[in-house]
């Protein structure tokens, strides 16, 4: 149907409305005419069809929009299979066996990782009393960087400005 074609409003017979504006008009007219809206029923196939409640059953059987929603007979088999619940998903068979790969490699326990230390040079703990321990192996003194040096009141070299 053309969007500019005029149709008659079911709530007020004096209203002529364009087809493109009919849904908006029906909502407004239904609110403005509550007595008439109680006597009319809405078609389940097309909400623009408003018919008297007594004639709804005959309208549903002969509604032109009903034909668009019904499936042709050759598609009934597809519709029946579509209603069946889907089967549970099963993963494809796995082709990898991680346990077998591990037994083939026979890995040894790797030594613990310590930064900048080779296998033979493990450090002695910092609380050791051994005087032979070099100072770079022991833990550094805990000092705050802003209190490490004497306060001279100068701007630091990190600013790119030398003091007096």
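Cβ from N, Cα, C; glycine included.
Looking at 52-73, 74-95, the range annotated in TrEMBL as region 'Disordered' turns out to be 74-95. Averaged across the domain 'CHHC U11-48K-type' (6-33), pLDDT for the predicted model comes to 93.
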